[in-house]
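If you check TrEMBL, you get these features:
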- A:M50, A:G198: substrate binding site (BINDING)
- A:R125, A:T171: ATP binding site (BINDING)
Amino acid sequence: MPSDLLSPAHIAHALHQFRTRSPLVHCMTNDVVQTFTANVLLALGASPAMVIDPEEAAEFAAIADALLINVGTLTADRAVAMQAAIGSAINAGKPWTLDPVAVGALSLRTRFCQQNLERQPAAIRGNASEIMALAGVSRGGRGVDTTDTAAAAIPATQKLAQQSGAIVAVTGDVDYVTDGERTLAVAGGSPLMTRVVGTGCALSAVVAAFCALPGDRLINVAAACGVMKQAGEIAARNGNGPGAFEPAFLDALYTLNGEVQS
Amino acid sequence: MPSDLLSPAHIAHALHQFRTRSPLVHCMTNDVVQTFTANVLLALGASPAMVIDPEEAAEFAAIADALLINVGTLTADRAVAMQAAIGSAINAGKPWTLDPVAVGALSLRTRFCQQNLERQPAAIRGNASEIMALAGVSRGGRGVDTTDTAAAAIPATQKLAQQSGAIVAVTGDVDYVTDGERTLAVAGGSPLMTRVVGTGCALSAVVAAFCALPGDRLINVAAACGVMKQAGEIAARNGNGPGAFEPAFLDALYTLNGEVQS
Amino acid sequence: MPSDLLSPAHIAHALHQFRTRSPLVHCMTNDVVQTFTANVLLALGASPAMVIDPEEAAEFAAIADALLINVGTLTADRAVAMQAAIGSAINAGKPWTLDPVAVGALSLRTRFCQQNLERQPAAIRGNASEIMALAGVSRGGRGVDTTDTAAAAIPATQKLAQQSGAIVAVTGDVDYVTDGERTLAVAGGSPLMTRVVGTGCALSAVVAAFCALPGDRLINVAAACGVMKQAGEIAARNGNGPGAFEPAFLDALYTLNGEVQS
């Protein structure tokens, strides 16, 4: 199963659809990345909202266009609310996306992610160690960081897609996105993205939002990765460190027209 | 009840008082906007603190000069702590301000806000959909976004002020601030403010802080709106997207002298 | 017990060790400063992770190289998880650092900090009012702000170091770091650091991370203070307000080579 390179035209088309629809995205994410996640979605033209009470989360998941579940600062209480939201999203026919942050070595999140793999996630986005742990191939990385390359995780990514029925994206220097049959490669980005907290988590929110678009979900998820890679490249040109990178990244997302940037 | 335009001299006077007093502001706000809210208050010269345990929240609400209650990521536990803080603020004669984020469609926050309308809030700040939902005129907006203009919500704003005894501010392209009798209009700002998360929530914190000032509370709340509008205009001149806008906005708040800026 | 000035060579040496080792830092910190804390550690080359569930926090504290406990938004639930993490860190021989935010006037955090003083913290970092309250000399400051100078708190700092066995850092215009016998002074920084939320809390995370280094812990903790002072000076040169300061500060941390900067 070799991978094909995602075309800039696909990214441009998906981004145009995204801006036209401005999806309402219900983000249940970790404490560390809430602000950046919201700002990334706002810069791209989406409408983010974070609703976390179990009763309200179930209500809102049915109203929103897409749901993100990120387990970075999971607690038992939050797991209950997330379960309620996932159930409500499924009933309402809304796509939900899983970000299995640091899954593997930590108990609560590993149980939670494994249980919810059966609940028809539309997409899963993680780094190599997370995807390999979730596919049952390894025990996870070093904290929230990966100890493997994305390329090394391609077989685990394809296996996880086949098991779960989700589009699975493993991200790194190059991102690979698969439905278990076809695999797309997305190049670009900047090493500075690993020195700004939340770029991966925010990508998962963008993936969740792009799952609300019509058309080929494999291509839409890959386009979400491509949009973030393009913005990362533009921002790295302007900035000289992670501090200047972050505002430049948001401005790049805001002005990106989906055409070839490099 | 026509509205009058708030004068720049009123803004300058209130801002001068604010900087002299440096109010200690107890912020019980949502997860997404905590950092930005604190940085906005710090840039303006106030002293923010976020204290959320029920026992400590009650203690601190009596010590602080003002209390902000924002229901954006309300949970049952947080509602208990907020109730305790409101009670303590009332007993200590300290003003409390309500930001009814996304009230209407979501159950827990709607019940919470309606129950606390009777507890003498000093001020209420929301977008048109939130104010109309709280006044019983409509069922709320699209997630955290409004589906109505502020001008269309003026009657609901005045009704809510009369019902609650609070100064009510409905914010949008133009902000309207009323005590139920007099209504002030505050123009300015920038559309970029809707692409940075927390500008509305931070405004509510600034409104809460300005409620600690002596003098005419209607004018003080309108001045809080005016300060944020002025900073937004200055920041939009310097920045070319929401990323560059945010630091420029904080710098504008920091250097603002309250005189006419445009 | 007069204080000696920390030498730039000590800072350079500790920073070099830090970048080589890239410590994995378990941060249990307050809601307001999570993002900034993570970005500060990432800019310096460390690997931060925030894990807060009691079961997972105990697991992760044994894996990480260092643990930070910051009580800024303590709740009863979080206290349980923090206790579990501290116990696990002690068992695994990993250093833990306490940031006693606003200790003194608020009940829950005061009890929590006093109880945990007996549990062998490697380091304690606070402002003058916090250190004096924890040493039993006063009742604390104004919210999260100090009402005393760091110099006035030197005797309390030394007393607290002797009582707890920790390296204690009291920070302000000049920072003082002591093991109860030797006391080092760290000059530099910028007043703008008090207008950006989380600079003190992020320093505590950096102190926690530097406690994972081999060698003289007194000098390592003072070097952590020195690194932040140097970055603050550089950032203040570039920026004209707290908004521009923050990205400039992160960029300075990223590019700092530990040599004399002024």
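From the backbone N, Cα and C atoms, a Cβ is placed for every residue, glycine too.
Annotations in TrEMBL come from automatic prediction, not curation.
A gap of 13 Å separates the Cα atoms of A:T171 (ATP binding site) and A:G198 (substrate binding site).
Over all protein chains present, the Cβ of A:G198 (substrate binding site) has 26 other Cβ atoms lying within 10 Å.
Among the binding-site residues A:M50, A:T171, A:G198, the ones with a Cβ under 8 Å from a Cβ of chain B are A:M50. A straight line from the CA of A:G198 (substrate binding site) to the CA of A:R125 (ATP binding site) spans 13 Å. Chain C lies within reach of A:G198, taking the binding-site residues A:M50, A:R125, A:T171, A:G198 and requiring a CB-CB distance under 8 A. Cβ neighbours of A:R125 (ATP binding site) (same chain, under 8 Å, six or more residues apart in sequence): A:T97, A:L98, A:D99, A:V168, A:A169, A:T171, A:G200, A:L203, A:S204, A:V207, A:V221. When other Cβ atoms within 10 Å of the Cβ of A:T171 (ATP binding site) are tallied across all protein chains shown, the result is 28. The number of other CB atoms found within 10 A of the CB of A:M50 (substrate binding site), across every protein chain shown, is 27.
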